[in-house]
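Have a look at the structure below before the remarks.
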Amino acid sequence: LCATGTAVAGENALVLAVLFYTPSLRAPMFLLIGSLALADLLAGLGLVANFAVRYLLRPPSEAAELAAAGLLLAAFSASVCSLLAITVDRYLSLYNALTYHSERTLGFTCAMVLLMWLLCLGVGLLPLLGWNCLRDQSSCSILRPVTKDNAAVLAVTFLLLFALMMQLYLQICKIAFRHAQQIAVQHQFIATAQATSTRKGLSTLSLILGTFALCWIPFAIYSLVADSSYPAVYTYSLALPATCNSLINPIIYAFRNPDIQKSLWLACCGCIPSTFSSRPRTSSDV
C-alpha cells in the first residue's frame, strides 16, 4: 500500500502539473479532472503517511494516527465525489447540449467543487472530533480507528453513490445512442460506422463502471460484514485494489483526453506526433 501510494501521488502530481501549466485547460471539465487528481494525490500521500505512522513512528502517537486516518477519509471521499461530479457533468453536457456551455460556467463549477471539498474535509475531521475507537477497541472496524457503525455508514453511502453513477451512465448511453442514430440519418452514414461509434461508447462506459466496481465494491461490502477481529491480511488484500483505483483514474479520465495528451507530448518532447488524431469527440464517444 505504501508503494502504491507513492505511485499514485507521482502519477496524479503529473496530471495536476499539466493542468496547471497549460492555460488552455481551464474549462469546467478540466477543473473536475483536476479535483479528481488532487483527491487521488492526497490519497496517495495519505497511504504513505498511514504507513509511516503505523510502522515507523515510535512511540505511536494517537494524534498522528487520527490525522492520517482523517487524511485518507477526506481524500478518498473527495475522489469518489469527484468521479460522481464528472459523471454528472458528462450527463448534463449531453442532456442540455444546447445550453450546457452557457449554464456550466467556470465560476459555478468552482463553487460546486469548493462545496464538495468542504463536505469531504468535514468527513475527514470526524476521527479527530471523537468518532474513533481508540478508547474502545471492541468497537473498531477494519478501518481502524473508524468505528464499525461509522464504517457501515460510509460503505452504504458509497454503494448508493455507485448506484447513482450507474444510473447516470445508463442515461448517458441512451442519449449518446440516440444522438448517433440522428447523426447517421442526417449524414447518411453507413450502418457499420454508426455501430462502431456506438460500440466505442459502450466500451468506454464498461471500462469506467467496471473498473470502479471491481476496485471498490468488494472492499465496501467487506467493511459492512467484517470487524477488527478479522485477519488484517483480508483487509489489506481488498484495500489494495481500492487504492489502485486512484492509480487507474488518471489513465481513464486524464491521459485519454486529446488535449491533455497534446500537452504531455509538448512538455516531454516539444512536439506533437504527426499520427496524433485531432478528431473532435462526439456524443457517441461518451
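Heads up, the Cβ atoms here are built off N, Cα and C, so glycines get one too.
The stretch that TrEMBL tags with transmembrane segment, taken from the ranges 202-221, 262-281, is 202-221. Count of Cβ pairs under 8 Å against the transmembrane segment (63-86): among 30-57, 106-131, 151-170, 233-255, the largest is for 30-57. By the Cβ criterion (under 8 Å, sequence separation of 6 or more), the transmembrane segment (233-255) is in contact with the transmembrane segment (30-57), since 3+ such pairs are found.
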